């Protein structure tokens, strides 16, 4: 069975995210290591890093960070590109201090420059981040998108081409978001649509490149090019889509993280985790 968990808040200190994932019975954690709405957020204190390490050792599961949504790694503007690179370097530094396994990053938007140009810019900027960090760094996972606007990643080949264009391809992988794939036109709720998605992964970045799943149902229709998450089984993907994924032997031990609404605190996370585990036994 896959490892199930959720994105948890780090409010009050990053170690609180570990505390809360244990409380809800999660086996894998995703978090923001700092305020993702700020370009230069405050780094975790030394005491919080130590507390995170203690709780992480007791938790024992994989930990992922989601990079700030402010970062457009495909930006070609000099100042904006430098700002994106700097923000990702700082993210890597925080993750290295915390012992985070991998960083999830949206592949960015080309802003009208064209898909090919955006892909090359993303690869160049990613290479600069790895060059500046050197040594031991977390793995960087490029997340697929719903393909909204000029965003890269709606086509899974975008992720493959960024990886192929990077000098640090061995340190790159893929995070597959079910709601994003659905929004981009992959009908994961049908046998044919699921098969097409898996074939595009296999012929693009490769199945081995997929290190993490974001398991989210979708409020919007397939192919809408929109990104609206909802609870498992309550959206247009429906339970059938998740039965296919959760019981696919290729991903039998993969980490899978919820990014579903938290309007009632941790209760929704508990319900969604219970649903995933039930469907994984279907």
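The backbone N, Cα and C atoms fix where each Cβ goes, and this holds for glycine too.
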| Further Zn(2+) 3 ligand in Swiss-Prot, beside 227, 229, within candidate set 110, 168, 180 | 180
| query | Can you tell which of 101, 164, 177, 191 Swiss-Prot lists as binding Zn(2+) 2 with 143, 214, 259? | reply | 177
| Within 10 angstroms of residue 259 (Zn(2+) 2 binding site), Cα basis - binding-site residues out of 66, 106, 143, 180, 227, 229 | 229
| Among the binding-site residues 66, 106, 143, which ones place their C-alpha within 10 angstroms of the C-alpha of residue 214 (Zn(2+) 2 binding site)? | 143
| said: Measuring Cα to Cα, how far is residue 106 (Zn(2+) 1 binding site) from residue 180 (Zn(2+) 3 binding site) in Å? | reply: 11
| said: Sequence gap of 6 or more, Cβ distance under 8 Å: name the residues on the same chain that satisfy this around residue 180 (Zn(2+) 3 binding site), in order along the sequence. | reply: 143, 144, 145, 146, 153, 154, 214, 227
| field | Shell of the Zn(2+) 3 site beyond 180, 227, 229, same chain only (C-beta within 8 angstroms of their C-beta centre) | value | 145, 146, 177, 179, 183, 214, 216, 218, 226, 228, 259
| task | Have a look at the binding-site residues (143, 177, 227, 259) and report the one with the fewest Cβ neighbours inside 10 Å. | result | 259
